[in-house]
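As annotated by TrEMBL, domain 'AP complex mu/sigma subunit' applies to 12-150.
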């Protein structure tokens, strides 16, 4: 093993995915293009992870040279994947933040149907926590504030989505100007 792979990196998260209780993909984001470049390889990896974890009581698994932390709720399985050398506590903080944020958005009803009905919110939450494999946030309250979610409103109004799009446009514009 070369020493460069052991150097600290901001690129902590290799992938995030949510599967239903049959192992079907509901959401997946892979942040390392070399890890599993094709859809077929990604789904195969997810199937292997699901087969290893869906009946286990643990929160951490090691498979195919990856560290995987996971959590289940009713009929969903949440996974965060990092390299074999990655700190499990860092990955677990991402998983807990994602789960708590989604639990709030879904009004404590973290199940397949509600998740599918609120996919735009799910993607916004994941994107606020992780960007390109870099952990941006691990506090669920900060994530909820950034996606402009309030418990007394409908989840993610059109205005908040428009605000997110406008913010993204501004960030792209500034990155081009630099």
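Placed from the backbone N, Cα and C atoms, the Cβ positions cover glycine too.
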Reported mean pLDDT - the domain 'AP complex mu/sigma subunit' (12-150):
89
With helix taken as DSSP H, G or I, strand as E or B and everything else coil, how many residues of the domain 'AP complex mu/sigma subunit' (12-150) land in each class?
57 helix, 38 strand, 44 coil
